[in-house]
Amino acid sequence: MHRIEAGAGDSDYDTHPFGTDVMWQTNASVLRHRGHEEQTWTETFPPTRENALENNWVDMWLQNENRPIKDLYCSMQRKIEIRRKQERKMKKKTGLESWKEEKGRSWRKFRRKMSVVLQHLILWKGSLQTIGGQFGTGIQSYFTFLRFLVLLNFVTFLLVAGFIVIPSIAFNELGLNQTVSHSPNNSKCFEYNPNPQGLERFYVFIMNILMGTGFMEWTYMFYGYYKKTSVNFSNFSYNVPLAYLVTTLAYFLLSLLWTVIRSVQGFKQSLITDDSSVNNYTDKVLAAWDFCIKDEKIITLKQRSIRYELKVDLEEEKIKRLHAQRTICQRAGIYSVRILLNLIVIALLCGAFYCIYRSTQESQLLLALESVKGNFILELLAGYLPSIVITAANFILPLLFNITIKWEQYILSVEIRLTLVRCVFLRLASLGMLLYSLWNNITCGDTENKTPCDNCGYNYVENKCWETRVGQEMYKLLIFDFLTVLVMILLVDFPRKMIVDHCSCKLVQLWGQQEFVVPQFVLDIIYGQTVCWIGTFFCPLLPLLNTVKYFIIFYMKRLTLFSNCRPADRTFRASNANFFFLLVLLLGLAISWVPVLYSIFVMTPSKPCGPFRDQAFIWDTISMAVESLPKVARNFFEFIASQAFAIPLFFFSCIVMFYLMALGSSYGKLVKTLKDQLQMERSRKILLNQAYQ
Amino acid sequence: MGNKQTIFTDEQLDAYQDCTFFTRKEILRLHGRFYELAPNIVPMDYTDDPDVKLPMQLIINMPELMENPFKERIVQSFSEDGEGNLSFNDFVDMFSVMSEMAPRELKAIYAFKIYDFNTDNFICKSDLEKTLNKLTREELEEEEVTLVCEKVIEEADMDGDGKLAFADFENMISKAPDFLSTFHIRI
């Protein structure tokens, strides 16, 4: 730190009066300090706010940094005086300068007005503020994430509706140019009539809504209803299959971009704080108190949670020391226990996956049984069997994980992370397993008897229109997930609160109120969003359903938060979370691409339904469209798709990636070197202090 | 509503808008809140810049501050005389710095002032102990308090003098990602 002597002449030193170089970046200029002789700007904090004005550094700071007055550290009175001085200076300026200042001033005013207007448009702003104020920013981050997904789904729905649904409805109503698929020799593949004939009982109507079969199957909800329409007027042509495909790619790209943009913020934060363990205690004591909270109860809870966390941290230190002192024998014991428990976890996961795999097949078999067909409840259960098994696995297995991890004897932070990773894997993999078993069913993957697939290229016997079948499964998953959330809130949270409030026996009090466990809830909604992404290609109205579902869930969760929940014991850090959950969302997005891309490129589209009937592959639409373009555009696309372009592009991306990785690691090394230098300076100072005493 | 208010001149409102992070409407609302604290002392007409200060006792009874363990320190940090008596300018300044839009450097300066209980421009061990006791309602044991304070100084002290100067504090704050969102009061 530099010292400026009072009354010094032109000095080479420039020190920010606060003694830090962080905010200070000007060229050499003179700092004259008027005041007591012995007072010098050392590392200490400036004595009063008034002295800050006495120096030219204020004007220089404002000019060079181009910062507004409101960022200045001084009393309001001084700020108003500085502003008056600026105004007077502005009046003295020449024509051009003052015109620029005027423009700058009015632009700032306009931006202020615009931001006020835009504030009103933000969805649920008031709710989020109340939640943040009462429960802290950790829980608020869950609701912010939910709002992001509502908006994402809504925009996806607008895309799908605008380019697929509404044109289809319009062309249907106008009775335009529809190609009817002609049935050649194997006319077996072209029979498809899901519309029910004759009068139906009421419960069948409900059943059809809940399962997506019957009359629902032949609506705009599912892929099967869309026709291979393409209109060609004089100056307007619209190809529905092409629009279907391109819109699919468009909304996937949009979701990717939007999520990545959101996660860049969080990524920057977590890069800076990657060694958060270094500043653990300072963070908890000096930067963790939430000044927003107004409610006395919540403040008491927050104080209790801070105390709990500090105690746990001190405990962890002791445990870490104990762990370091473990003998080799003990270590071997611990490792063997861990290996055993990991094997148990893997066995549990495999068991769950096998159950999911079998449930998809059993569901179809059960629905075909006569004894099930007449019975409403049984039919519902049989149809929802895959969803029930997935939800049960996602509910039971995390409880088992929580038990096994206690025996693995990790420190608490590692425990939490490992459990979270296992839960994420469970959720996404169980969805993957369901899709795998569906695909096996549709393409006769693992059965010895491949005859159902011979005629039509897919399992025509069981699924006349396989895309609709996939859409129905996703539709059922969505509905069941929604029902589970509602049931949990209405039939578990509320009664639990009532019991805890009115029954004072010890066991019940130990059970306590429901904790608002943010990570589990966020994983729930990421799971729901992945289902929606997979299902939108096969069920175009799914984003609308998802928007409505998340909209209602927002209000239900808010209700349960305010009435039933207490904040979790361990404070949930919003910053870490935001990045991690967006990462898991991207993982879900990547997983959702796999079935869609596989269907587009590899699978045979259904013959009797959908906008891609009697094509060999769904992707042929694009090839045919490219054929019809003018020669230049066609050559361009052919070039892009050819290997002459793809391979150099691949190598180029590899080079860019390696360059960025090298850059990143060199920055990391630089940061480490600087940190070491800081440490060295510190030790040197301590030594010097000791030497001079 | 609109431009018919007579509390401030237009020039004053423009000045407030430039010098704080509030809009015109919010400044008028703040004046309303200030007036509510002491209707018989605070004038409705601020066009001639009256010099009216409210004592700390009235300010810390506001619902936004009432339950905050650091309420006295917050009010003292923004008062001119250090005793906690706020004029309307100080009042607006306080909520402006504590609003969402204030930059990190500005908030860090005031956070430092708030945690510096003995106002010696250093956060020393006794300041940390007082902070910790306010944070945990004095429910931590003595030795735990000492241990935690020692760990904090160990982590953050850069120049080895056993207490935190502003540079140390700011260095630590720049690495705390939640600081901006937690160090704010909504009014």
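Cβ atoms are placed via backbone N, Cα and C, with glycine included.
Residues annotated as domain 'EF-hand' in TrEMBL: B:66-101, B:103-138, B:144-179.
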Per-residue pLDDT averaged over the domain 'EF-hand' (B:103-138), given as an integer: 89
Folded-back contacts onto the domain 'EF-hand' (B:103-138), same chain, C-beta under 8 angstroms, at least six residues removed: 69-70, 73-74, 77-78, 82, 97, 145-146, 148-150, 152-153, 162-166, 169-170, 173-174, 179-180, 183-184
Summary of DSSP states over the domain 'EF-hand' (B:103-138), given as helix, strand and coil counts: 24 helix, 1 strand, 11 coil
For the domain 'EF-hand' (B:66-101), the number of residues DSSP places in helix, strand and coil: 19 helix, 2 strand, 15 coil
Residues of the domain 'EF-hand' (B:144-179) by DSSP state, where helix covers H, G and I: 23 helix, 1 strand, 12 coil
